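One structure below.
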Amino acid sequence: MARTALVAGNWKMNFDHFQATYFMQKLAWLLRDAHYDFDDAEIAIMPPFTSIRSVQVLVESENMKIKIGAQNVSEMSGGAFTGDVSAEMLEKLGCSYTIIGHSERRKYHPEDDVNLVDKVRATLAAGMQPILCVGESFEERRQGIELTYATNQVADVTRDLSAGQARRMLVAYEPVWAIGRGASATPQDAQDAAAAIRRHFAQAFDEDVANDVRILYGGSVKAANAMDLMAGPDVDGFLIGGASLDPEEFSKIARIVALAARRRRKQ
């Protein structure tokens with residue numbers, strides 16, 4: 001069965017709930033005007049915690065098939081953990097995804113592999129899907145170990161998962177040197193990384209699991225480079241940062257991914 005493409009918008013720390021509502025209203029209009037078919041490519045929005053409810057209400061009222069996700073999740077299920085938000089709370093808000101291990105959180109809120117494993121488990125236990133972010137810095141790239149580095153990050157988090165848990169994972173390959181810098185990996189770079197990550201799942205679990213895992217690319221994705229980046233057969237969509245803050249640009253990328261997915265199914 002073909003994997004469903006995904007276009008995920010990570011708003012990071014942008015948009016209060018008023019701005020989030022305006023964005024979603026405009027995005028709904030743009031997608032409706034374009035006769036967007038959500039069967040071609042799924043769309044997900046990851047707002048700040050403060051805007052999740054506003055986005056969820058608008059998605060329901062506009063009868064949109066857009067999924068909602070969170071940018072982070074606690075590994076704890078509840079209790080005296082000030083500032084944490086549990087997976088169960090997010091699931092009750094209608095979230096389908098959580099981003100785990102984004103490079104900005106690894107940098108500014110140091111999280112070790114134990115934390116990430118527990119966050120993945122908490123997300124899966126709540127019935128959501130984790131989007132695990134991996135990727136190399138300039139230094140690893142300079143040393144020529146970027147693929148090994150990325151697959152090792154995946155291995156560190158997934159080694160104790162069951163096959164059933166692993167097949168529900170998504171992995172976002174985001175070369176750290178490309179995030180927010182206007183630089184992007186080449187389409188071949190993106191495909192090579194996605195293929196290496198898929199090979200890891202095949203070796204660690206089996207081919208069926210590997211074929212189920214969706215692998216996204218993130219790092220200065222724009223409408224201008226989206227079609228080229230989708231050329232690789234192992235790239236299943238994007239985790240988009242800056243371009244997800246512009247409803248017109250984001251909707252263009254979604255339409256491009258949907259077109260690429262339709263073409264892929266016909267091959």
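Any Cβ shown, glycine's included, is placed from N, Cα and C.
What TrEMBL says about a protein is an automatic prediction, not a curated fact.
According to TrEMBL, the protein has these features:
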type	residues	note
ACT_SITE	His102	active site, electrophile
ACT_SITE	Glu174	active site, proton acceptor
BINDING	Asn10, Trp11, Lys12, Gly180, Ser220, Gly241, Gly242	substrate binding site
Task: Fewest other Cβ within 10 angstroms of its own Cβ, chosen from the recorded positions Lys12, His102 - done: Lys12
- [ ] Using a 10 Å cut-off, grab the number of neighbouring Cβ atoms around the Cβ of Gly242 (substrate binding site), all chains included.
- [x] 17
Task: Listed recorded positions among Asn10, Trp11, Lys12, His102, Gly242 whose Cα sits within 10 Å of the residue listed as 'active site, proton acceptor' - done: His102
Open item on the list: Just to be sure I understand the packing, how many Cβ atoms besides its own are within 10 Å of the Cβ of Ser220 (substrate binding site)?
Closed with: 20
TODO: Would you find the one among the recorded positions Asn10, Trp11, Glu174, Gly241 whose Cβ has the most company, meaning other Cβ atoms within 10 Å?
DONE: Glu174
Open item on the list: Taking DSSP as the reference, which of helix, strand or coil describes the residue listed as 'active site, electrophile'?
Closed with: coil
Task: Asn10 (substrate binding site) versus His102 (active site, electrophile) - Cα distance in angstrom - done: 10
